[in-house]
Amino acid sequence: MRHGDISSSNDTVGVAVVNYKMPRLHSKAEVLDNARNIAEMIKGMKKGLPGMDLVVFPEYSTMGIMYDPDEMMATAATIPGDETAIFSAACREANTWGVFSLTGEQHEEHPAKAPYNTLVLINNEGEIVQKYRKCIPWCPIEGWYPGDTTYVTEGPKGMKISLIICDDGNYPEIWRDCAMKGAELIVRCQGYMYPAKEQQVMMAKSMAWANNCYVAVANASGFDGVYSYFGHSALIGFDGRTLGECGEEDMGIQYAQLSVSQIRDARANDQSQNHLFKLLHRGYTGMHASGDGDKGIADCPFDFYRTWVMDAQKAQENVEAMTRSTIGVAECPVGELPVDGKERTAGE
């Protein structure tokens, strides 16, 4: 894995991430104009970064945040649709893959139900090869309908890619799910705002380290009249070290070459920090020395995960017992979220 050049090779995937300035849009026509701007940016970037195999744009970069619910429903896209057609044409012309945000994608029961928050991975032939719907929307603010699974797709030069979105990345479970499905590069597109800059930079690095995987983060920048976005789009090696990171600048770009052979060699031959292998071969050294086989223990030792899988309602009740029983909070109401029932306070 290398940083500082504009090239790539048969063994390296050239990945660019963009601090796209958060747009403030109100209509389908404005969304399509912005999509065309993104398309032109891709073509320009390819001239400057001839090794670029994959370009990643942040969450909300296509549509912005539609703070008006009627505008959000009116601009919700179909996939494929007008927006993806623009992106597909740009990927073909620039001979590159791209990750793009659709906020939102029409629900199957549109307009009766809220849209999804969706990413698409488009290959260099203009084909949509992965569509991911955000599993963990940023409640209580985001009103997206949640998705229900992650995916892994063979990307440029065979690198295996998963997509996640913003608040998804605050939950170690989703990173592990992607990695255990075989993802070598986890792409996190986010529209993350202050104050949580330090926490988000730290989370991406920690999850790369914990999952022996590359991480590409594309985050919004600028101010949209409501939130201030901190940028810091970054590329992180599978050892948790940052290869390149933007600052807060609008339209900042970082680029690095991610080696396919190096991550596969590390996953096969690293030992003390091979977290994926060791999690499913717990204590293999001591068990081997004890004459109890050479595979360690594969069984899950974590009671919470057992309960969640076997009895999700019980797991929900358990977490409510230590947090709260309503989705709203009486001391700081958000919208019309219900706050019936007694809320916990410090010391109770």
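From the backbone N, Cα and C atoms, a Cβ is placed for every residue, glycine too.
Per Swiss-Prot, the feature domain 'CN hydrolase' maps to 13-260; the stated evidence is sequence analysis. Residues or ranges marked as active site, proton acceptor by Swiss-Prot on the basis of sequence analysis: GLU59. What Swiss-Prot records for LYS134 is active site, proton donor, and it gives sequence analysis as the kind of evidence. Annotation source Swiss-Prot lists active site, nucleophile at CYS166, citing sequence analysis.
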Rounded to an integer, what is the Cα-Cα distance in Å between the residue listed as 'active site, nucleophile' and GLU59 (active site, proton acceptor)?
7
What DSSP gives for CYS166 (active site, nucleophile), in three states, is helix
Could you tell me the C-alpha distance between LYS134 (active site, proton donor) and GLU59 (active site, proton acceptor) in angstrom, no decimals?
10
Under DSSP, is LYS134 (active site, proton donor) helix, strand or coil?
coil
